[in-house]
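**Student:** Got a structure here, written out as structure tokens. Questions coming.
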Amino acid sequence: MDPYKHRPSSSFNGPLWSTNSGAPVWNNNNSLTVGSRGPILLEDYHLVEKLANFDRERIPERVVHARGASAKGFFEVTHDITHLTCADFLRAPGVQTPVIVRFSTVIHERGSPETLRDPRGFAIKFYTREGNWDLVGNNFPVFFIRDGMKFPDMVHSLKPNPKSHVQENWRILDFFSHHPESLHMFTFLFDDIGIPADYRHMDGSGVNTYTLVNRAGKSHYVKFHWKPTCGVKSLLDDEAVTVGGTNHSHATQDLYDSIAAGNFPEWKLFIQTIDPDHEDRFDFDPLDVTKTWPEDIVPLQPVGRMVLNRNIDNFFSENEQLAFCPGIIVPGIYYSDDKLLQTRIFSYSDTQRHRLGPNYLLLPPNAPKCAHHNNHYDGFMNFMHRDEEVDYFPSRYDPAKHAPRYPIPSATLTGRREKVVIAKENNFKQPGERYRSWDPARQDRFIKRWIDALSDPRLTHEIRSIWLSYWSQADRSLGQKLASRLSAKPSM
């Protein structure tokens, strides 16, 4: 399959300067004026077009994941999992699928340093024979909240103060003091791995729970995990200050330079699976995005490898206009009832339509590389050439028909309409276990970062007390150490 077969044809590489409409431009240095010192004439079409295009070069930046870098490569199946899924691109070991990957920071603006303590986005678009599959995740396997209803509020709290445009800890800790399920995510974010050394040396995770479906219709919950073959490397706080002060685009440059030099980044893909019939056997809800699945009871299973061996050709076209959505799936991979995933299915495509327009899936990096057909017509910036006379379905004049049916999860759901928190919250067990797995020096660095955050002068005694209570419930000694060090600070 040629991943570039369906790129729009163009002739912009001509040897002579021209307008957007192709007319020759014999002088691209001087405006048209009345005499050598007279006023500029509005009839200078090339000048007006040049300025008008420049005025519109920038598009709205992503609300989150604005700062990012992309690269292209392939995914290769190494292990047979056809007993779990009928996905065509996973049909046999050795099968390769073209991919494009975008790494990103999450909260900060497009030009912000890549050394800030922030989750990292890890999104992959697979160009399969049955359409695109977007696996849109992060470098951490869990998330702050479990219900997408809180996503806008969460992002607002993490973003800069709307009055001062300064990110402030009191706002962050105030919001999350209402959400103890966030503790697990904070054991990743405030840990030593909270600032990846670069994009090549970090894990990836699908974060949400998805569903694999095999040809017989049997379903399994699944979590996706990427492990870099070159290992995980992170920056400690003082190292991040040094690196960021030297080059605020260090991770983007590292990715680009490594690929250009032939040092291709590679990740192994693993999955964890749970039979939905067995989901009640655990002390956590498998659909709770704030939980990990313990590897000792839900082991990792190898699937394949991903190699990034080609840099993008144009940053704007293949990074800024690159768009992902968890709703874009292929036969054999389906959603779950994970509440955060359910809201992401709508929100991601909606924000892309706002940012790029209703025809964003026609843009080259977003369009499928396989043949496709529907009656989704027109709209702003529709550049697909079509010559059909029939734009409805069904029709006896159009041979297009339904695709063959493929299996999807068939579980029967019953229940009342209600807005409730899941039954198995269990917010403190996994954060405590993760903290206790670290050596004393790593624990101490985690505590120091929390002391710095809890020392924000605008943080109230009530909010500090709530956080001390939360961390004490996760690990008694952790809560005691935080309380002791806070009480020793003069400002406390």
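Backbone N, Cα and C atoms are what each Cβ position is placed from, and that goes for glycine too.
Values in this document were obtained by computation on a predicted structure and should not be read as measured data.
Grabbed the feature section from Swiss-Prot, which reads as follows:
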- Arg62, Arg102, Phe151, Arg344, Tyr348, Arg355: heme binding site (BINDING)
- His65: active site (ACT_SITE)
- Asn138: active site (ACT_SITE)
- Tyr210: phosphotyrosine (MOD_RES)
- 484-492: motif 'Peroxisome targeting signal' (MOTIF)
**Student:** Determine the Cβ neighbour count for Phe151 (heme binding site): the number of other Cβ atoms within 10 Å of its Cβ.
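**Tutor:** Other Cβ atoms within 10 Å of Phe151 (heme binding site): 17.
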**Student:** Hey, what's the widest CA-to-CA gap across Arg62, Arg102, Phe151, Arg344, Tyr348, Arg355, the heme contacts in the record, in Å?
**Tutor:** 21
**Student:** What's the CA to CA span in angstrom from Tyr348 (heme binding site) over to His65 (active site)?
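**Tutor:** Cα to Cα, Tyr348 (heme binding site) and His65 (active site) are separated by 12 Å.
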**Student:** Mind looking up the mean pLDDT for the motif 'Peroxisome targeting signal' (484-492) in the predicted model?
**Tutor:** 74
**Student:** Check the DSSP secondary structure of Arg62 (heme binding site), expressed as helix, strand or coil.
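**Tutor:** DSSP call for Arg62 (heme binding site): coil, neither helix nor strand.
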**Student:** Have a look around Arg62 (heme binding site) and count the other CB atoms within 10 A of its CB, chains all included.
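**Tutor:** Counting Cβ neighbours of Arg62 (heme binding site) within 10 Å gives 19.
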**Student:** Least buried of the binding-site residues Arg102, Tyr348, going by other Cβ atoms within 10 Å?
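**Tutor:** The binding-site residues Arg102, Tyr348 were compared, and Tyr348 has the fewest Cβ atoms within 10 Å.
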**Student:** Between His65, Arg344, Arg355, which of the recorded positions has its C-beta surrounded by the fewest other C-beta atoms within 10 Å?
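**Tutor:** Ranked by other Cβ atoms within 10 Å, the recorded positions His65, Arg344, Arg355 bottom out at Arg355.
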